[in-house]
Amino acid sequence: MRPVYGPQRPVSIDVERGVSPLISPLFGVDADRLAAAIRERDHRALVGWGGVDGLSKRLHTDGCAGLCTRSDNSTALWDASRREHFGENRFRYPAPKPFWRLCWEAWNDLILMVLTAAAVLSLVLGFSLPSEREQYGYLEGCAILAVVVFIVVLQASIHAQKERRFRSLSAVRDAYAVTVVRDGQPLAVPADQLLVGDVVKVSAGERVPADGVLLHGCDVRCDESAMTGESEEMPKTPLSEGTFGNTDQSSPASDAFLLSGTVVTGGVGYVLVLAVGARSQWGQILSTLITAPEDTALQVRLDRLARHIGYVGLVFAGLVLIVLLLRWIVSSARSGHWDGIQVLNMVVAALAILVVAIPEGLPLAVTLSLAFAMRQMMKDHNLVRRLEACEIMGSATQLNVDKTGTMTANRMTVMEAYLAGASLESSSSSSSSEAVSAAYRERLAVSVAVNSQAELHWRADGVVEYLGNRTECALLQWLQQRFGADYRALREQHVAGTVHGFDSTRKCMSSVERVEEREHHPKICRVYCKGAPEVLLSQCVSEMEAASGTVRPLSAASRDVYRQAVATYGERGWRTLLLAYREVPADADGWTAAALETQLTVLAVVGIEDPLRPETAAAVQLLRQAGVTVRMVTGDHVDTARRIARESGLLEGVAAEGEAAAVMEGAALRQLPPSELLQVVNRLRVVARATPQDKLLLVQAQRQLGEVVAVTGDGTNDAPALKAADVGFGMGICGTEVAKEASDIIILDDRLSSMAAAVLWGRNVYDSVRKFLQFQLSVNVVAVALDFVGACAGEAQLPLSAVPLLWVNMIMDSLGALALATEPPRPELMHRRPFGRYAPLVNRAMWRNVIGVSAYQLAVSLVLLFAGVALFDIPCSGRSDVASDAPCSGQALQRNGIIFNVFVFMQWFAEVNSRRVEERDVFSRLHRSPIFVAVLAFTAAMQVVLVEGVGRTAVGQSIGIVPLNWVQWLASVALGALVLPVGWAVRWWPLRWTPGRNDYQESTEERPLVEDIYRVPKSERHFVKASAGHIRPRPPRPFEAYAALSSPSVQRLRRLRVFVHATVALQRMQRASRGRSARSPQQEKAAAARYRARRRMRSRLWALIGVLRLERSVSYRAVTVTDEVEEIVERHSGSHGKHV
């Protein structure tokens, strides 16, 4: 039964003592005892507390009117006492790992541990040996330790940032709105504001916000797989209707408990909250378990790339160490003095090269980019639940969206209603409604009020707030405005016993009312039904005349009039609904929905306007120019869908004769064979009267064609399509909790423009990572190559020693990642088509830029290495900090200081050059990147302080840093600034002359690895070489429709089919050629002939397989190859079929 709304009965409270004189103590039940009863599903405890009435008295609430929230002292006291006694509905997650633990895990890296050991050894020797201590030999160890600490703290910060981001997503996920009854009025409140004693309304598709017991409801079923692991739906019996005191507690049929974290899969009911927060079952699970954030696909690819780069760096570091060791051995053998400190310095230098070669900034760049994008997307009303969706959305090619609430405003208004013999418009006077008979008015009003689960809430400012389904809310508001009927009073008088909710297959909803207590029909129930007119009209056999209230048979002419009204409303872009009823025997509560929804009597056909959002047309145009195909999938009438599609621009560019192929109904879509579905699926722009199964079918077909698919969903049945798509968008306003849980991104405002913003941010994430990768590769290539050449050239001091290398790694990697990963998106990203599913991380344009800029930087560095002393006229001098045998060691130190400064400023300007990958204007929108400008300024300032501040001290000279004069500073900045014109000139180099793969070139990653399924034996390889040229392509046969398709995925499927057929045939021949029993000479001769035939056939099959392997992109259709195989098998089977 429904709750009776009205004033709550008063509760006597002693304000001074804070205790009710009627019940002592303040609450007549303990919070832990309630939680234990829920955990054990102890129904007998509920009965022992007095059932519904007893629990309500103990909790000082009302099972129908809910809690009292009057603004007086007594209510405030009860509210504070209730929170203190039972707690708040806030979940307590496990404490995150302490920062020192993250630092320890980050330090447990082999390279960092070896580098730390070398630094510690350098410190020990520097302090213990007097000669080293006098020469400040310990300073290098201190500097290396400082860099190691920085790297460890950086890695720990990355993991801490990921943990904080994951917890913020969990907190936002827990903050959703629920419908509660307080003071007899339905309200929408956040779930974390629920209190024990609240009465919560739950319906299909919603998540249970707290543990409670079902007070009253109809056909309530829950999915408790998240709690119990059982996938079957659990039926719930209201506490007021069950006989729990005499039934088995473990019986599912006698279960009245609803657990937090579970999902209501059917029915509607009202739940009395008994446990919240940490005392609830879901809260107890969360207090001990939290899922760690997983790396996204882009992070995995970057980690793999970083490992490969690290392997290259390891090779070069090893080569440098070998060269230095060989030189040291030769030098020590000649002088007879074996200095072990030099070996330690060599190891440190090699490790520094390895540290620089490993791009630690890549994980930081993608983490910062994702965190920045997620935070900014939240401002654009995109709540990212799965970080991988940020990346994938940038490559989306297909977007299947709902109409209601996404393209339209979801603000329903009943514009017109066609009654039997009358038409009511929303703008007409009340006199038209007075012409309707009282009997008809009552029947129509009861049908609208009873067959609905929505609520209307009038706020203090006079605005009507919709709670529940927007279509039902529009009908309730129309009922009140046109007929002056109070739907709540009607619900109190007419109680629905059984409710069959809306189903996308039935396209309707029905409720059953018992009428024997009020009317003189003791064995009659009345079924009220509303739904799609084209579905229900075929089930109607009569109509109720509006003027007289009499029921008459539905003639063919009247049926055509209703159809004409539906078509007229659809052409106006209105949603259409048919209202009907019927009378059935009293045992109809047990009937199925299909049995109830027949032999109906028509009441009315209503047209409901849902206006197009003002920004929808612009969003469709923006997505179209971005290469994303927008497709509307709706359950509305085809004429309504077509009108909305025209207004929004979905059918722009579609000719009038082609509009029929672009608009299709779900029933016709389901009847298409798979081959035809693949042909038409991408040409569709509108799918009307679609079911969630149709949406799933669309997603699967598009993914089969290799498309990157995004889809929206708001209903419980949309969950499979949301899961099957690459990116699932859940609706934050009108979406059910099931749809939100299945989605990857929740659109908080349900707007299509927010999805366009998600596409923009997804492309910006990928673009930011590529920009930093381009910058990082040039730094690594030049630094490693320069030291390698210096070591091979016999330089006594490497051009970039350990501390300068680590400084570059610390400043350029970390700050460069911060600068390039936090740039805001630019509108030009929406002017190119999407990359697709397997775009390379490093494309041809990036390789061109890296090679060109690195070649310039390396050339400048090598010139300075071999001619820098002459160019800058550096005098020969010794080092003041080191007692060196070389008379010109100070000259080399000054030269290396210039190389270091020039190198840093070349990277400084290369960072600016990396702001664009293909565009030549690298200064575009620089003023809109404040973080980037700030990082550039900070990097330049730190370099000046390091060179001129630290370089003038003994510390600086001991670690390879010296001050420069104004000429050397000017040369450093000028040589660094030349990176910009070089980068501009390099971008004119044709991409076709550059190695690598284009963004839109098909990747080998997406091809099935059929080459590894069946290897060619060595004995058969000559057949492939000898017979590959014998296969002559001929025109493809047109008997198969899908043969004309040219998509890469279909071609791959054809090649795989040919490959499998060939391998199966070879296996059959191998089985046929096994040894047999003794045969006569004639049989042996025939067997030899068959063996030669099989050998010829096997050679041709291996030739086919060789063609498929050697030529991945077959110049002719694979159907030709299929025909070749079929002819060979048929010819062989015809002559030797019994042996194959």
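Keep in mind that glycine also has a Cβ here, set from the backbone N, Cα and C atoms.
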Per TrEMBL, the range holding transmembrane segment, considering 797-815, 892-910: 892-910
Intrachain residues whose Cβ lies under 8 Å of the transmembrane segment (966-986), provided they are six or more past its termini: 848-849, 852-853, 856-857, 860, 872, 898, 901-902, 904-910, 912-913, 920, 922
Contact between the transmembrane segment (309-330) and the transmembrane segment (136-158) (at least 3 Cβ pairs under 8 Å, separation 6+): no
Positions on the same chain near the transmembrane segment (850-872), where near means CB under 8 A and six or more residues out: 774, 777-778, 781-782, 785-786, 789-790, 793, 795, 799, 842, 891, 895, 898-899, 902-903, 906, 910, 913, 967-968, 971, 975, 978-979, 982-983, 985-986, 989, 994
Residue counts (helix, strand, coil, in that order) that DSSP gives for the domain 'P-type ATPase A' (177-288): 22 helix, 49 strand, 41 coil
